[in-house]
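One structure is given here, and the rest of the page talks about it.
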Amino acid sequence: MKRVLSGMQSSGQLTIGNYIGALRNYVKLQHLHQCFFMVVDMHAITVPQEPAALREQTEMAAALYVAAGLDPNKATIFLQSHVSAHAELGWIMTTLTNMGELERMTQFKDKAEGKDSVGAGLFTYPSLMAADILLYNADIIPVGDDQKQHLELTRDLANRFNNRFGEYFTMPEAYMPEVGARIMSLDDASKKMSKSSPNPGSFIGMLDEPDVIRKKLSRAVTDSGREVKFDPQNKREVSNLMSIYSHFAEMSLVEIEAKYEGQGYGPFKKDLAEQIVAVLEPIQQRYKEIRRSGEIHDVLKKGAQEAAEVANQTLLEVKKRMGFVL
Ligand code: AQP
């Protein structure tokens with residue numbers, strides 16, 4: 001049995017991009033491996049968060065994990081900030097990281113673009129992410145395509161540590177969906193769909209009401225043609241919507257093309273909205289029950305205990321090897 005680790009930032013409401021790129025895979029993997037799934041609230045504060053919003057977003061994300069099908073008796077579900085070893089190993093990993101490596105990170109460049117002032121945490125966050133993964137000696141990391149570069153850095157840091165202080169860390173491997181590893185924004189298909197986008201029309205939130213989903217899709221940008229065809233080079237917007245369709249309806253791209261041949265975009269977008277609603281509605285129902293019962297607090301408490309047991313052991317070993325007085 002392998003070890004799986006992944007997490008999402010509580011920087012907004014989870015989107016269908018987070019669902020397709022990561023959460024759906026979490027649910028599958030919990031039946032196959034030993035899994036640790038966290039809400040990375042300490043990553044969320046790399047951009048300013050209002051305290052009340054951070055609290056709500058963090059509980060929302062954890063409750064959505066469970067509502068989407070994560071079982072606290074199968075997987076360890078916890079908050080990053082509840083296990084202090086993350087911050088400690090995060091600092092150690094920062095000291096092993098070179099500035100040049102962080103400067104190359106495209107996500108940092110994207111997030112810093114056009115901002116007058118950027119927090120140092122946004123720059124160093126890939127080192128904390130490396131610590132998140134290495135603390136659990138995880139083998140498999142289910143992530144979307146945007147996290148590939150950060151995972152490469154994690155592997156480099158694991159190698160660097162192993163070379164300097166003796167073989168210890170496992171080399172983690174990314175686990176990505178074949179289609180939909182990068183779901184793009186509904187208003188601009190050159191940008192990835194992001195939960196922290198200031199334009200709510202650019203993403204579909206996992207808690208969006210059915211009518212909101214229908215409206216957002218009817219307004220989603222397409223091209224001036226009318227052919228439902230998967231061609232990411234020339235038909236970026238429609239190809240993105242087709243990837244989403246393929247996931248929610250569990251249909252291949254070829255099947256989708258055949259179904260909408262000669263029909264234009266209208267019926268395709270309408271059906272897509274219904275496919276998304278059909279998957280999200282039961283999750284939203286369960287979500288409401290979970291929030292109402294308050295059970296998520298018990299889930300997170302149990303998860304933090306389980307996670308800390310593994311993480312603290314790793315941290316101790318790392319400190320011993322590096323020469324800290326214990
Ligand atoms: N658009 C996407 N398509 C596919 N996968 C995605 N992921 C995120 N966006 C997409 C995957 O979701 C997981 C959680 O991501 P995160 O919360 O750690 O941060 P992120 O990658 O920066 O996601 P967002 O939604 O864009 O958050 P903000 O707006 O705060 O930056 C990851 O596995 C990610 O790959």
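Cβ from N, Cα, C; glycine included.
Binding of ATP is annotated in TrEMBL for GLN9, SER10, SER11, GLY17, ASN18, GLY144, ASP145, ASP146, LYS192, MET193, SER194, LYS195, SER196; the matching candidate from ILE183, ILE204 at the same site is ILE183. Taken residue by residue with DSSP, LYS195 (ATP binding site) is part of neither helix nor strand, so it is coil. Residues 9, 11-18, 47, 144, 146, 182-186, 202-205 of the same chain, all 6+ positions outside the motif ''KMSKS' region' (192-196), place their C-beta atoms under 8 angstroms from a C-beta of that stretch. Packing against the motif ''HIGH' region' (10-18) from elsewhere in the chain are residues 39-41, 43-44, 47, 49, 54, 57-58, 60-61, 64, 144, 182-183, 192-197, 203-207, 244, 248, 276, 280: each is 6 or more residues past its ends and has a CB under 8 Å from a CB in it.
Residues in the motif ''HIGH' region' (10-18) partition by DSSP class (helix H, G, I; strand E, B; coil) as 3 helix, 1 strand, 5 coil. Only SER11, ILE183, MET193, LYS195 of the binding-site residues listed as SER11, ASP132, ILE183, MET193, LYS195 bring a Cβ under 6 Å of any atom of ligand 1; the order follows the sequence.
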